[in-house]
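Enquirer: Before anything else, here's the structure in question.
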């Protein structure tokens, strides 16, 4: 039998043991919760990066709108559509989407209600997104994005093109089956990562690959042949240039370092971003990791050249000499001297990382003159980035020069300094471009169309001396 003193001591020791066990259990629970929270935060952070890779914010944010709340006007060949609200708002956004719903929308272009989204969303490329990347992006949109109760705008498309059910047929006809994740057949892991970035989240082919009769991207990878990344159709009256290794009109004269710097800052010594690519750099690629930029560059430099005309010859100095003598009655030369030479120089070399060269520039000598004509008429903006914080604006000349004068200077630049671009731009071409938005050429579409126009926001404030650029480049920069 235990005496009272012994019994009390045992009870006291048992209580102390219970307290210690409870404390240890509480610490374990707290540690587990903290560890889970850290894991969740890491997943959200990873998802934010994947969303940057995919450039979601550029399309799903209206000019001066709230991030990811949609409302961006996109003028397609069949009518106007508006990007949707992808914040976690349960009524107007995707707050009620499960991970399965989210995955189906990204990879198949099918909404929670079963309707097919318009292929302005690059879901054929997003089908390449890995399970881990989709899971991370879902965590970001559900827990890292502020919900915005903004109702989606209805598309402005005439019947019968407004019907969505044919989009399922379009998907079946033109969207190939994709294997998610990195292509395991590529032996070099860095090149494989670059291929994944270019053809998956980066969806580069949406602009840099020509389109077919159904307005579909002609090729989603090297299996598509020479069309793949060989230069796109008119989108916002900009022609995305070839990303193949062609010396004249592609990346043949670019180094890997050039590509990395271009994607990070928007400018290198011999080129600068223009049109929609300004948005891509501002919103997406400047935020990519150095390893991902290097992988992208390495993959692009692995791409072979495709057959092309001889659009660049040897500069014999005659263009520079003509300009040094005042143009001597050459209409295009005189327009150039009075409006262009102060930045792009008489020898067409420009100023490194400020005013791109015109001599040998792929944008100038490419077969389709639409981009050059568009920047002459409407101007352009070199956006500020973290690594190159200065913005540079080129004014448009549509209110200063006649259509004939703009045509003259475009033709002059396409034939000067050894440039040997084909064709001639007329005053009528400029007039249509300026007033109706019709591209000078529609070769990339295989159809007569003004192409897509996505009025994109830019990360500029009202206090800048130029109005915020739109994806059309119609920014009226001062």
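Using N, Cα and C of the backbone, Cβ positions are placed for all residues, glycine too.
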Enquirer: According to Swiss-Prot, which residue among 37, 151, 404 is annotated as pyrrolidone carboxylic acid?
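Expert: Annotated as pyrrolidone carboxylic acid in Swiss-Prot: 37.
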Enquirer: Quick check: with 204, 207, 208 left out, which same-chain residues have Cβ atoms within 8 Å of the centroid of the heme c 2 site Cβ atoms?
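Expert: The surrounding set, listed in chain order, is 203, 205, 206, 209, 229, 232, 240, 243.
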Enquirer: Measuring CB to CB from residue 204 (heme c 2 binding site), give everything in the same chain under 8 Å that is also at least six residues away in sequence.
Expert: 198, 229, 243
Enquirer: When you measure from the Cβ of residue 56 (heme c 1 binding site), how many other Cβ atoms are you left with inside 10 Å?
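Expert: There are 24 such Cβ atoms around residue 56 (heme c 1 binding site).
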Enquirer: Pick the one among the binding-site residues 59, 207, 340, 343 whose Cβ has the fewest other Cβ atoms within 10 Å in this structure.
Expert: 343
Enquirer: Reported as an integer number of Å, what is the Cα distance between residue 56 (heme c 1 binding site) and residue 340 (heme c 3 binding site)?
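Expert: Cα of residue 56 (heme c 1 binding site) to Cα of residue 340 (heme c 3 binding site) measures 36 Å after rounding.
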Enquirer: May I have the list of same-chain residues other than 340, 343, 344 whose Cβ is within 8 Å of the Cβ centroid of the recorded heme c 3 site, in sequence order?
Expert: 336, 339, 341, 342, 345, 350, 355, 358
